[in-house]
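One structure below.
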Amino acid sequence: MSSRLFYGSCNVENTLSSAVQGKMGKKKEERQPLLVSSNEPLNDTYDRSVIPRPDLRHSPDNVVVHLAGGPMEGGSTPDAGQGHPPGKPPKPDFDPVLNRNLEHPTSNLDTMIHLLKGNIGSGILAMPDAFSNAGLVVGTIGTLVMGLICTHCMHILVKCAHELCRRTQVPALGFSEVVEAAFATGPSRTRHVSHIAKILVNIFLCITQLGFCCVYFVFVAANIRDVVAHFWVDLDLQVYLGLLLVPMIVLNWVKNLKYLAPVSMFASILTITGLGITFFYMLQGLPRTSSVHAFAPWHKLPLFFGTAIYAFEGIGVVLPLENNMETPQDFSGLTGVLNTGMVIVAALYTSVGFFGYLKYGDKVAGSITLNLPSGDLLAQSVRVMMGLAIFLSYGLQFYVPFNIVWPLIKNQLHTEKAQLYGEYAVRTAIVIFTFILAALIPDLGAVISLVGAVSSSALALIFPPLIEIITFWKVGLGRYNWVLWKDLAIVMFGLLGFGFGSYASIENILNGGKS
């Protein structure tokens with residue numbers, strides 16, 4: 001359940017020393033370029049031993065660097081405008097892939113596993129609720145179309161990242177650095193707002209991850225409450241939220257994510273097991289499709305959009321995974337790792353949504369686990385497994401907002417002791433903040449839809465096409481270019497989902513989930 005974070009970034013922000021750049025420069029004639037006009041295959045004989053970088057599979061402590069768009073302690077991030085020496089034009093044959101020095105690069109299978117894990121989170125359990133807001137037909141078609149658009153936007157991000165790496169002469173860029181580099185190297189009118197664009201992306205990343213943390217709080221509390229109510233006594237949801245607060249705080253006092261790596265693996269095993277048992281219950285005694293709505297009322301569609309885009313919001317993990325591949329040329333392409341993984345993800349989301357809604361109809365809950373028969377011990381074990389898995393995954397989601405907020409506060413603390421206590425205070429404050437939001441909005445489905453509509457739509461649907469327009473504006477995006485109109489259509493779709501989805505989700509929250 002580490003969701004969109006895992007084992008991602010692996011310090012690609014470390015800049016090359018001048019000595020290393022010289023050594024790499026001598027070998028450039030021997031290497032084939034990546035993602036340029038030539039269709040020749042990548043030469044995989046380049047030297048990866050110059051600057052070792054942490055292994056994607058064994059360095060979860062580096063997970064948030066690329067996602068948050070800023071350096072972690074001890075690391076540095078290349079400035080989009082300072083990738084090559086001042087006063088010298090960038091080298092046109094610079095290939096970012098050949099300048100990535102991986103000590104332990106990941107295989108295609110490793111990348112596929114991480115991609116699946118990064119996209120399959122708590123959102124998959126909310127897909128039946130999403131289908132209830134769209135209907136069986138619209139939900140099925142809409143989920144597949146949403147997956148297609150989100151996958152295309154991931155391809156856009158990877159393509160633009162390679163182009164901008166060549167322009168700025170850096171081996172790799174994170175999400176927010178890609179946005180900053182696109183604005184900084186694009187049309188003159190966009191250059192003065194490049195840093196603002198980077199800040200905006202970081203804000204949306206922070207909102208997204210804080211939203212995930214709120215969902216995790218509510219999800220764990222709701223499942224624990226259901227189990228305890230069956231065997232002992234039924235207490236208010238806020239009681240369980242309060243009981244979770246101290247364990248959540250202690251869990252997030254862990255500074256090094258390496259210690260959470262075994263925990264994350266255990267959570268993944270629980271998730272797979274729980275999902276399998278959930279399918280076992282969903283597929284038993286399915287009614288006819290005529291028993292549920294094929295088309296839901298139009299005013300509910302924005303709620304479907306918010307929940308679906310929340311589930312598909314794995315775009316933050318794309319660049320970290322591609323940056324750490326041994327053969328990054330296998331990431332894109334019709335049968336590449338990205339397309340293969342996202343087909344599996346879309347199939348899982350669609351099947352869970354379809355069969356979950358068909359099984360439970362309009363009585364489906366914000367998480368399908370809450371619909372499993374309460375009198376069955378196996379069903380109760382699913383709630384325990386999924387609740388524990390989500391609880392253990394909170395720490396990974398927490399690290400993104402923490403690594404965005406903490407550097408800003410750390411710069412104001414000038415002694416080592418102040419920084420030590422300040423870090424614990426910030427960690428505690430962020431957990432308490434998500435706890436308060438979860439207590440104020442305990443409706444799981446409404447929270448998921450709101451987070452998806454507000455921030456996930458911006459990161460997954462609005463920024464990638466904008467980046468493509470700005471990046472390639474000078475080299476072929478004219479008034480009658482179909483790429484321009486395609487990107488504008490995706491942006492408009494994202495903006496409509498952002499606006500109507502946010503409005504419908506807020507209205508649903510204010511009406512107590514009765515809209």
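In case you wondered, yes, glycine gets a Cβ from its N, Cα and C as well.
Here TrEMBL flags 16-101 as region 'Disordered'.
Residues or ranges marked as domain 'Amino acid transporter transmembrane' in TrEMBL: 104-506.
If you look up TrEMBL, you'll see 134-158 (among others) marked as transmembrane segment.
If you look up TrEMBL, you'll see 199-222 (among others) marked as transmembrane segment.
What TrEMBL records for 237-254 (among others) is transmembrane segment. Proximity of distant same-chain residues to the transmembrane segment (237-254), defined by a Cβ-Cβ separation under 8 Å and at least 6 residues beyond the stretch ends, is recorded for 217-218, 220-222, 224-225, 228, 260, 391-392, 394-395, 398, 402, 424, 427-428, 430-432, 435, 438-439, 442.
TrEMBL lists 266-283 (among others) with the feature transmembrane segment.
Summarising the annotation, TrEMBL assigns transmembrane segment to 303-321 (among others).
What TrEMBL records for 333-357 (among others) is transmembrane segment.
Proximity of distant same-chain residues to the transmembrane segment (377-400), defined by a Cβ-Cβ separation under 8 Å and at least 6 residues beyond the stretch ends, is recorded for 1-3, 5-6, 60, 63-64, 67-68, 121-122, 125, 205-206, 208-209, 212-213, 216-217, 219-220, 223-224, 226-227, 230-231, 244, 247-248, 251-252, 254, 257, 260, 263-264, 266-268, 270-271, 273-274, 277-278, 281, 367, 369-370, 427, 430-431. Residues annotated as transmembrane segment in TrEMBL: 377-400 (among others).
Long-range contacts of the transmembrane segment (421-441) within the same chain: residues 210, 213-214, 217-218, 221, 238, 241, 244-245, 248-249, 252-253, 255, 398, 401-402, 405-406, 409-410, 413, 447, 450, 509, each at least 6 residues beyond the stretch ends and with a Cβ under 8 Å from a Cβ of the stretch. The transmembrane segment annotation in TrEMBL covers 421-441 (among others).
Annotated transmembrane segment per TrEMBL: 488-506 (among others), in sequence order.
Ranked by number of Cβ pairs under 8 Å to the transmembrane segment (333-357), the listed stretches 134-158, 199-222, 266-283, 303-321, 488-506 are led by 134-158. Long-range contacts of the transmembrane segment (266-283) within the same chain: residues 1-2, 117, 120, 124-125, 352, 355-356, 359, 368-369, 372-373, 378-379, 381-382, 385-386, 388-390, 392-393, each at least 6 residues beyond the stretch ends and with a Cβ under 8 Å from a Cβ of the stretch. Residues 3, 67-70, 121-122, 125, 175-176, 179, 237, 240-241, 244, 248, 313, 316, 366-367, 370, 386-387, 390-391, 393-394, 397-398, 400-401, 404-405, 430-431, 433-435, 437-438, 441-444, 447-448, 450-451, 454-456, 458-459, 463 of the same chain, all 6+ positions outside the transmembrane segment (199-222), place their C-beta atoms under 8 angstroms from a C-beta of that stretch. If you look at the transmembrane segment (134-158), the same-chain residues 6 or more away from its ends with a CB under 8 A from one of its CBs are 127, 175, 178, 289, 292-296, 300-301, 304-305, 308-309, 312-315, 318-319, 322, 331-332, 338-339, 342, 345-346, 349-350, 353-354, 357-358, 460-461, 464-465, 467-468, 487, 490, 493.
Cβ atoms under 8 Å from those of the transmembrane segment (303-321) belong to residues 3-6, 8-10, 12, 56, 63, 66-67, 106, 111, 114-115, 118-119, 121, 123-124, 126-127, 129-131, 133-134, 138-139, 142-143, 146-147, 150, 153-154, 157-158, 161, 172-175, 178, 205, 208, 296, 331, 338, 345, 349, 445, 448-453, 456-457, 459-461, 464, 497, 500-502, 504-505, 508, 515 of the same chain, restricted to positions at least 6 beyond its ends.
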